[in-house]
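See below for the structure under consideration.
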Amino acid sequence: MNHVPSDQSFYIESEDEDDRKDYVEEDGGSHSDSSDDVYDENQAHIKPSSYTTAWPQSYRQSIDLYSSVPSPGIGFLGNNSMTRFGSSFLSSGLIRRHTPESLPTVTKPLLEEQADEQALPKHRLSSQGLLSPIPSRRGSMRKDEKSSMVSHEIPMSRNSSYGQAVLNGLNVLCGVGILSTPYAAKEGGWLGLMILFVYGLLSFYTGILLRYCLDSESDLETYPDIGQAAFGTTGRIFVSIVLYLELYACCVEYIILESDNLSSLYPNAALSIGGFQLDARHLFALLTTLAVLPTVWLRDLSVLSYISAGGVIASVLVVLCLFWIGLVDEVGIHSKGTTLNLSTLPVAIGLYGYCYSGHAVFPNIYTSMAKPSQYPAVLLTCFGICTLMYAGVAVMGYTMFGESTQSQFTLNLPQDLIATKIAVWTTVVNPFTKYALTISPVAMSLEELIPSRHIRSHWYAIGIRTLLVFSTLLVGLAIPFFGLVMSLIGSLLTMLVTLILPPACFLSIVRRKVTPTQMMLCVLIIIVGAISSVIGSYSALSKIVEKLTN
């Protein structure tokens, strides 16, 4: 992009000469020398993409930080870079291009554009079959590419290796959902476990569909970009809202999780303030909120991102503690369990669906890989490992505790065992690093809507984040049912993100190139997702209302 940067410029100059030198072939069989010719011919025609000017512009950066391990750095919201996302989006609609007045100091695109990606041929999508080879994206395949920094000091790496991509995928998929798989097994019965494997297979397939959507146009990088390419600006906004609601709901789950586990450790804790008596559950929910609040105020969450990368280790540790307690300490009733529980099977549907809520991050992982051709192998590894962990925990937990299995298996563990203390405290500590990273994308998207005359006041950003944090506390206290809330999230939101939107976007983007087999398979997945969403959401909501009324 031959664009001269200035202090008032929205886009910055691309280093064309450096890009040409760094443009190297990683997949000899997939690309011919003609790719370089196409690259050179298109360099003069590269223009800023409309996908970088529609709300939310902060999605790429915030999700990259949420799902990856960047370079460390720390600061608070008072820094000027905090205010770079604020602008008046609504004055001329959500797709208005920003003027220099609305973004006075921005000298880099809010969604980093790579010259190599822009030059990618438009015919990358194969119509011969869904899993047939296609040319991979080139924007992340330069060996010596530097990690560029954008607003909020968030690194934008384009050199992720296979191992890093797998780690990032596992870090997203191996979340708190693993605590509820024994409860899901109890709600659905042993045969209900088949739902877990079916969802795992379908989720892997829809993850591949996202890749094909991204490869349909060279400047698609994120899930909202895919929504816009498929259904216009309305699609982008709808997809973004669903993704942000899912992240917000996860933060509510963190509050409930902390409250439940800490109150199990200290059941007699209580506090009286001004005539109000707080029991253990309410007290620890409040203390958790106050503890995570300063981390949400941080401008740069890179340090937390480093720590949260240990979430995979934490999940493995908790699983090992469960197996140790069951096999070595021989704790549990060793129940045979129920073969199939039709009355509560819909709750299990949402719980199993929640286990695969990682599609919001998959496009970011794909576009950041040094070798995008390895993306299917990355997904296969992530889904394979996570499915085995989920199934193993479900079988072990349900076998140990039977019909007394609670929504989090940590609540069933005997409190006097060392392994129990390790498992519970690991479960308690992990969300403290995850919370800020999870709520930040939501906060940053709202900060974009701050009127331009207020974007330099960091107090607006602090106010938004504080309100978000305390709102999760209020929701968590109002609906303190960890398993049912998770089932509702899995049914209502995860089904949309994982099973419904990817094939719908694929069919809309590819259109006439879709084969009959692909069409039938995508429609089938959409039907499965829609039915699961309706049944699971209705069941979870009805049980929540029933518990609240009782």
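Note: Cβ is positioned from N, Cα and C throughout, glycine not excepted.
What Swiss-Prot lists as compositional bias 'Polar residues' is 1-11.
The region 'Disordered' annotation in Swiss-Prot covers 1-44 (among others).
Residues or ranges marked as compositional bias 'Basic and acidic residues' by Swiss-Prot: 20-34.
Annotation source Swiss-Prot lists region 'Disordered' at 128-148 (among others).
Taken from Swiss-Prot, the feature transmembrane segment applies to 165-185 (among others), supported by sequence analysis.
Annotation source Swiss-Prot lists transmembrane segment at 190-210 (among others), citing sequence analysis.
Residues annotated as transmembrane segment in Swiss-Prot, with sequence analysis given as evidence: 237-257 (among others).
If you look up Swiss-Prot, you'll see 283-303 (among others) marked as transmembrane segment, on the strength of sequence analysis.
Under the heading transmembrane segment, Swiss-Prot lists 307-327 (among others).
Annotation comment: Swiss-Prot describes 342-362 (among others) as transmembrane segment, evidence class sequence analysis.
Only residues 6 or more beyond the boundaries of the transmembrane segment (377-397), in the same chain, are considered here, and those with a CB under 8 A from a CB of the stretch are 162, 165-166, 169-170, 173-174, 177-178, 181-185, 193, 196-197, 200, 203-204, 207-208, 315-316, 319, 322-323, 326, 355-356, 358, 362, 365, 369, 405, 409, 412. For 377-397 (among others), the entry in Swiss-Prot reads transmembrane segment.
Swiss-Prot lists 422-442 (among others) with the feature transmembrane segment, giving sequence analysis as the kind of evidence.
Taken from Swiss-Prot, the feature transmembrane segment covers 462-484 (among others). Outside the transmembrane segment (462-484), and at least 6 residues removed from its termini, the chain residues within Cβ reach (under 8 Å) are 77, 180, 183, 248, 251-257, 259-260, 281-282, 285-286, 289, 292-293, 296-297, 347, 351, 406-408, 439, 442-443, 446-447, 450, 540, 543-544, 547-548.
Long-range contacts of the transmembrane segment (488-510) within the same chain, counting only residues at least 6 positions beyond its ends with a Cβ under 8 Å from a Cβ of the stretch, are 125, 127, 177, 199, 202-203, 206-207, 209-210, 212-213, 216, 223, 226-227, 229-231, 235, 239, 242-243, 245-246, 249-250, 253, 346, 349-357, 359-360, 518-519, 521-523, 525-526, 528-530, 532-533, 535-537, 539-541, 544. Here Swiss-Prot flags 488-510 (among others) as transmembrane segment, drawing on sequence analysis.
Outside the transmembrane segment (521-541), and at least 6 residues removed from its termini, the chain residues within Cβ reach (under 8 Å) are 130, 202, 205-206, 209, 344, 346-347, 349-350, 353, 484-485, 487-488, 490-492, 495-496, 498-500, 503-504, 506-507, 514. The feature transmembrane segment is assigned by Swiss-Prot to 521-541 (among others), with sequence analysis given as support.
Non-local neighbours of the transmembrane segment (237-257) in the same chain are 55-56, 59, 66, 94, 175-176, 179, 223-224, 226-227, 231, 285, 288-289, 292, 357, 360, 408, 427, 431, 434-435, 438-439, 441-442, 445, 468-469, 472-473, 475-476, 479-482, 485-486, 488-489, 493-494, 496-497, 501; each lies 6+ residues outside the stretch with a CB under 8 Å from one of its CB atoms.
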